[in-house]
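For reference, Swiss-Prot has these:
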BINDING   D34, S35, E36, Y37, D38, S83, L84, E114, R137, E176, K293, K317  NAD(+) binding site
ACT_SITE  K116  active site, N6-AMP-lysine intermediate
BINDING   C411, C414, C429, C435  Zn(2+) binding site
DOMAIN    594-678  domain 'BRCT'
Amino acid sequence: MAITSVIEQMRQLIQLIAKHNHAYYVMDQPTISDSEYDHLFHQLKALEEQYPEFVQADSPTTKVGGQALSKFESVTHVVPMLSLGNVFNQEDLFAFARRVEERLPNQKVQYEVELKLDGLAISLWYENGVLVRGVTRGDGETGEDITQNVKTIRNLPKVLHSEKYEIPRLLEVRGEVLMPKSGFEKLNADQEAKGEKTFANPRNAAAGSLRQLDPNIAAARPLAFYAYGIAQCEPNHGLTTMHDSLQWLTELGFQIAERQYLCNSIQEVQQRYEQIQQERPNLQVEIDGMVVKVDDLKQQQQLGFLSREPRWATAYKFPAQAALTTVEQIDWQVGRTGTLTPVARLNPVFVGGVTVSNVTLHNIGEIHRLDVRIGDTVSVYRTGDVIPKVEKVWPEFRPAEAEVVHLPESCPVCASPVVMPEGEALARCSGGLYCAAQRIEAIRHFVSRKAMDIEGLGDRWVESLLRLDLLKDVADIYHLHEHRETLLGIEKMGEKSVQNLIDAIEASKKTTLARFIYALGIRGVGETTARMLANTFQTLEALKAANVEALKKTPDVGDITAEWIADFFLAPHNIEVLDRLIAAGIHWDAPTAPTRQPLNGESWVLTGTLEQMTRDQATQMLQALGARVSGSVSSKTKCVVAGEKAGSKLEKAAKLGIPVMNETDFLSLMAGYGQTLS
């Protein structure tokens with residue numbers, strides 16, 4: 001066969017298959033049978049196998065992506081991929097509409113309603129109609145380049161075609177990759193038949209497929225892409241509404257979710273929500289709600305964005321999903337400060353998109369409140385990413401042999417006595433750092449980012465070092481360099497890893513008194529309290545010598561916390577560890593003359609979504625002026641700073657007559673004290 005004839009035949013088959021793909025996936029109107037489609041596909045594949053040098057870049061057979069990658073490259077999003085706010089009931093939905101319509105006075109607002117697909121959000125870049133890059137959402141600012149994997153998705157166009165519209169020079173399309181229910185069921189059946197691990201839900205299957213370094217694995221999975229929006233288009237597409245944008249995307253070859261509704265009122269949106277909820281079991285894909293968007297693109301621009309989400313859209317989530325299961329056992333876990341937490345081991349149950357087999361019961365008081373026993377039938381609830389919880393016990397199903405749960409008398413890890421001071425809800429192991437569970441959690445806390453910030457000393461290192469008996473307490477961290485040969489013998493720990501760890505430990509020796517106090521893991525002492533203690537006592541020696549009465553005078557330190565701090569510094573073992581840490585070279589700058597702190601001791605509350613700054617920035621400015629930032633409003637609150645969507649805290653402030661300040665006024669006040677956004 002002549003070369004030109006081969007290439008021409010390949011081109012004809014590619015165009016024909018693309019046309020039928022569009023009819024099947026996008027228009028949902030198949031024009032040929034599956035067997036006819038397979039015949040065309042295999043005809044093209046046979047030609048390509050015979051003449052591999054003439055395989056075309058946009059061939060559907062090349063969607064099996066090539067060589068496996070060693071890692072995914074990071075990519076910064078030109079337009080951030082923001083998340084959506086959530087509403088969970090009609091009242092919240094109507095409040096969202098009020099906020100929208102108050103910002104668009106005297107304008108008619110229409111809402112575009114779409115299915116909220118339960119998949120993995122990605123961004124696709126096309127240059128002159130050719131797919132050049134696919135990137136995961138990541139943290140919204142930076143994602144991972146998964147181009148090879150997205151090219152394997154069968155319904156995703158690699159080259160854009162349209163008889164109606166001109167193909168833009170640059171186009172960035174956002175959408176969701178997911179696995180339809182039928183494909184998910186078949187995949188799990190195949191996995192089970194091969195004796196391999198099955199997937200908990202379609203979303204996990206889709207996400208796991210896209211994160212395979214070998215694109216051939218992704219190609220074998222039944223993935224689908226559904227477009228939901230346009231991030232960039234050059235030249236501008238000239239479209240004026242969200243609804244038209246979605247239709248335009250279908251003309252270019254993209255598939256969109258199987259239902260969209262244009263609603264003239266928020267009441268109509270609520271009706272569609274109820275309709276979709278009824279139809280949910282019959283849909284081809286998993287959804288966890290619907291997305292409500294202001295339809296007019298100019299109105300979207302007018303509304304703008306909050307710091308992390310658009311004002312013109314929200315996700316209307318479905319109610320919690322529940323399932324019945326039985327409690328097989330209740331175990332007790334020991335935390336960093338010795339707290340004993342009961343954990344119910346359940347007969348595994350699929351609820352809210354995941355298989356749940358463990359649920360925390362928080363404390364013995366919660367066990368008594370629920371009257372939950374080993375062997376009981378319970379209702380487990382879960383919504384979205386919320387941690388599953390036991391909502392109800394069904395005593396009518398209780399077996400005769402059901403066991404009442406008692407607080408253990410001794411620690412399940414070290415056998416030290418369990419204590420529960422009068423008036424407290426939490427029981428604790430009295431073993432301190434003698435208890436292995438407390439020791440490992442204490443070390444994890446000590447090295448964490450907000451404490452000593454020892455980069456690279458993660459859980460795998462800590463567990464290995466504990467097994468080798470190189471870490472008996474946190475002070476041993478600063479002697480690890482003496483065991484270099486032992487460290488090199490740890491699996492997957494090469495010369496570079498060991499040196500990086502030693503360097504990070506050395507770098508952590510220069511810190512601040514506040515960080516050091518926080519790192520000690522004293523019960524009741526968080527970041528804010530540690531900062532207050534450092535400001536008040538100025539030196540470690542003064543803090544160690546302080547009695548309960550002196551400690552109680554520190555802002556943010558109550559009677560009980562003062563006793564916990566005093567007890568910590570009275571324990572001989574703790575003093576020994578402190579002395580070894582200081583001897584190892586941990587140090588901080590000597591205290592300077594106190595700076596002006598006009599808000600010293602005042603309690604401030606931040607509520608709502610802040611637009612002009614982050615909560616961390618606002619907190620840092622307040623703390624620099626001596627104030628403490630509280631999570632709740634009380635009669636002692638000096639002022640409340642309210643952003644968007646401020647709720648119950650704002651109402652409580654009004655009832656108590658607490659002053660309320662908006663962001664602009666707050667920033668002006670801070671500027672007057674010399675505090676500005678950095």
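Numbers here mean position along the shown chain, with the first residue as 1.
Just so you know, glycine gets a Cβ as well, placed from its N, Cα and C.
Remember, predicted model here, so these are calculated numbers, not experimental data.
This view paints the features noted in Swiss-Prot onto the structure.
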residue	record	Cβ contacts under 8 Å, 6 or more apart
L84	NAD(+) binding site	V291, E309, P310, A313, T314, A315
K116	active site, N6-AMP-lysine intermediate	I287, D288, G289, M290, V291, A315, Y316, K317
R137	NAD(+) binding site	M81, L120, A121, I122, S123, G143
K293	NAD(+) binding site	Y111, E112, V113, E114, M242, Q300, W312, A313
C411	Zn(2+) binding site	V334, G338, L340, P417, V418, C429, S430, G431, C435, A437
C414	Zn(2+) binding site	C429, G431, Y434, C435, A436, A437
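If you take every residue in the domain 'BRCT' (594-678) and average the pLDDT, you get 83.
A count of other CB atoms within 10 A of each Cβ picks out C429 as the most crowded of the binding-site residues C429, C435. Those same-chain residues not listed among C411, C414, C429, C435 yet with C-beta within 8 angstroms of the centroid of the Zn(2+) site C-beta atoms are V334, G338, S410, P412, V413, A415, S416, S430, G431, Y434, A436, A437, Q438.
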